[in-house]
Amino acid sequence: MAAALERPSLTALGQPGARSRDKLARIPVRVEPAAGAALPKPPWLRARPMMSAAVADMAAVLRDHRLHSVCEEAMCPNIGECFAQRTATFMIMGGLCTRRCPFCDVAHGRPEPLDPDEPARLAAAAAALGLRYVVITSVDRDDLRDGGAAHFAACIAAVRASVPGIGVEVLTPDFRGRVARALDALSSAWPDVFNHNIETVPSLYRAARPGADYRGSLELLVQAKAARPTLVTKSGLMLGLGECDDEVRDTLRDLRAHEVDVLTLGQYLAPSAHHLPVRRYVSPDAFAAWRDEALALGFREVVAGPLVRSSYHAADLLADA
């Protein structure tokens with residue numbers, strides 16, 4: 001889920017993204033802004049200050065191990081809080097995505113070949129940071145036959161070998177129709193939590209997720225559960241892209257029908273004027289009501305709020321679920 005708040009520069013933090021990003025690659029699909037002035041941000045959209053000693057220390061470890069953090073690449077508004085808690089979501093398989101989703105600020109372009117040393121570096125960073133829980137996500141890698149699933153498995157195995165007892169969550173792409181191949185690759189090293197974001201309601205897929213398929217994402221989630229019944233499955237939506245409440249309800253019902261256990265709901269924030277515009281801001285009270293409604297549908301745990309993102313309090317959610 002993308003966000004648009006001030007962040008420290010990747011160059012200042014020594015991130016690998018500062019070296020790998022081509023400025024042209026950061027320009028998303030052109031999206032015409034909504035008619036009229038942009039919606040003013042409401043007062044509840046206030047993230048904690050991002051710069052701190054913990055943020056700098058975490059960035060230094062990522063730099064030393066030549067790793068990407070989705071916390072910075074996707075401009076997450078909770079970066080200061082999560083880094084201070086020694087929690088991070090690692091983004092594997094490089095910093096360039098093969099898709100150009102117009103809600104997302106991750107760079108796109110032609111990615112480099114997979115780095116076989118990345119799993120070992122990821123494991124070493126998790127150990128150096130003293131993590132008890134790690135979230136591993138990736139850019140879309142439609143250039144790979146398994147969408148990068150085998151690389152996910154290698155990273156999971158390496159982290160577990162380096163940090164015994166660590167909890168592992170993956171936030172995967174949709175693998176673009178290669179679900180059976182991807183899950184077969186993951187079967188060598190299942191995570192504790194399998195997360196794949198549905199992102200938005202079906203009517204907005206063409207605008208928000210070009211190249212993705214709503215039903216395909218649901219099938220990925222339910223097939224992961226079928227392949228590993230003890231797996232905690234998880235998904236998330238952004239609100240504010242133009243969906244109506246009944247569409248959100250239908251999507252939540254679809255997720256439960258496909259045996260999703262944990263749900264995250266957050267406010268969409270446009271990274272720039274050239275991304276999809278925010279159509280509405282959802283109040284904290286409304287998010288609280290959505291949480292109650294989702295729990296009533298049977299989700300084991302739901303976290304909902306304006307600044308909630310996919311990996312927010314991920315370790316706590318697993319404990320509660």
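Glycine is no exception: its Cβ is also placed from the backbone N, Cα and C atoms.
Model, not experiment: these values are computed from the prediction.
Other Cβ atoms within 10 Å of the Cβ of C82 ([4Fe-4S] cluster 1 binding site) number 24 in total over all chains. TrEMBL lists C71, C76, C82, S311 with the feature [4Fe-4S] cluster 1 binding site.
The feature [4Fe-4S] cluster 2 binding site is assigned by TrEMBL to C97, C101, C104.
Confidence over the domain 'Radical SAM core' (82-300), given as mean pLDDT on the 0 to 100 scale, stands at 93. Residues or ranges marked as domain 'Radical SAM core' in TrEMBL: 82-300.
Distance between Cα atoms for C101 ([4Fe-4S] cluster 2 binding site) and S311 ([4Fe-4S] cluster 1 binding site): 19 Å, as a whole number.
The Cβ of C97 ([4Fe-4S] cluster 2 binding site) lies under 8 Å from the Cβ of C104, V106, A107, H108, G109, P111, V139, D140, each on the same chain and at least six residues away in sequence.
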